[in-house]
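J.: Annotation comment: TrEMBL describes Asp127 as active site, proton acceptor. Under the heading ATP binding site, TrEMBL lists Gly11, Arg72, Cys73, Gly102, Asp103, Gly104, Ser105. Per TrEMBL, the feature ADP binding site maps to Arg21, Ala22, Val23, Val24, Arg25, Arg154, Gly185, Ala186, Glu187, Arg211, Lys213, Lys214, His215. Here TrEMBL flags Asp103 as Mg(2+) binding site. What TrEMBL lists as substrate binding site is Thr125, Ile126, Asp127, Met169, Gly170, Arg171, Glu222, Arg243, His249, Ile250, Gln251, Arg252. The domain 'Phosphofructokinase' annotation in TrEMBL covers 3-275.
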Amino acid sequence: MKRIGVLTSGGDSPGMNAAIRAVVRKANYHGVEVFGIYHGYEGFIKGKMELLDLGSVGGIIQRGGTKLFSSRCPEFKEKKYQLQGIEKMKEAGIEGLVVIGGDGSFRGAYELTKLGLACIGVPATIDNDIAGTEFTIGFDTALNTVVSAIDKIRDTATSHENTFIIEVMGRDAGDIALWSGLAAGAESVIIPEEPYDLDDIITRMKRGEARNKKHSIIIVAEGVMPASKLANMLKEKAGIETRITVLGHIQRGGSPSAFDRVLASRLGARAVELLLEGKTSRAVGIKNHQVYDYDLREIFTAKHKADTSLYTLSKELSI
Ligand code: F6P
């Protein structure tokens, strides 16, 4: 294999640039050229690409976002566009593709492998919701962004003796809520993986008040309900007034944490190795601190499971 492509697709995540850098540098180390494909599968279909040399990925390891831009591309679901993209790759002499992204990006990569293009998936999303890997690139940075925001909100919540509901991202997964709730000592955490009990949330607040603790932080994952809905429920059921904060896209930006940079470097480099070993339809992931690879089809068969022991622990520690 003498030439490969790399693209980033779906919602961006901090560390994608570090992964691109690792792909380019590792491939160059082995004498393989890398073309960066712009705007995810949209650029793939149109053949929007450029040779990335060693220098072109200098100074990006610390930058959030993605140098290659990203998109969500509905057309790509159609086979005729997939074939069109594969043609563009053939014309450019590209024999393998590294796809950096989330669940949808992996599904796209799998379709391409069925049409004969070698693809390896590198999991990158703040949601941490990809089956087969314990951590995705960007989750740790997003988590730290959320924790730092909660810490700030707690300062003002304490001063004014307010209850805050903070809505965090994660799509259908509760990892961001769960980990940030534990890390920031939230009084209650609501995640899609566990049923919530409004009475329990109210009891916790009342118990706090009895100890003269008049502020409270509740984290709600966007996959359960909007913060505004929970605010209405608490008002109707117990007359509790709350302030709400929807953290939004701030969670997707920022300089990647050291953990994410290292993870991205390891996974990006391993993806290149797999292509050079002649492998296809694999994803790279991390398990027990070790990089490994698994069948891309796990995206269809396995489901990411949030570590709900953290949920139990956060409840125990926030009595
Ligand atoms: O998958 C990453 C993510 O940020 C989710 O947490 C969120 O639900 C979604 O993307 C938001 O997507 P968009 O930026 O397209 O609104």
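Including glycine, each Cβ sits where the backbone N, Cα and C put it.
Just so you know, TrEMBL annotations never went through curation; they're auto-generated.
Mind running through what each feature is packed against?
T.: Cβ neighbour count for Asp127 (active site, proton acceptor): 27 (other Cβ atoms within 10 Å of its Cβ, all protein chains included).
In the three-state DSSP classification, Gly11 (ATP binding site) falls within coil.
Neighbours of Glu187 (ADP binding site), defined as other CB atoms within 10 A of its CB across all chains, total 22.
In the structure as shown, the Cβ atom of Asp103 (ATP binding site) sits within 10 Å of 21 other Cβ atoms.
In the three-state DSSP assignment, the secondary structure recorded for Thr125 (substrate binding site) is coil.
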J.: Among the binding-site residues Arg72, His215, His249, point out the residue whose Cβ has the most other Cβ atoms within 10 Å, with all shown protein chains included in the count.
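T.: Neighbour-count leader: His215.
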J.: Quick one: what's DSSP say for Glu187 (ADP binding site), helix, strand or coil?
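T.: DSSP assigns Glu187 (ADP binding site) to coil.
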J.: Of the binding-site residues Val23, Gly104, Thr125, His215, which ones put their CB under 6 Å from ligand 1?
T.: Thr125
J.: Measuring Cα to Cα, tell me the gap between Glu222 (substrate binding site) and Gly185 (ADP binding site) in whole angstrom.
T.: 19
J.: For the binding-site residues listed here (Ser105, Thr125, Gln251), which one has the lowest count of neighbouring CB atoms within 10 Å of its own CB?
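T.: Selected from the binding-site residues Ser105, Thr125, Gln251 on minimum Cβ neighbours within 10 Å: Gln251.
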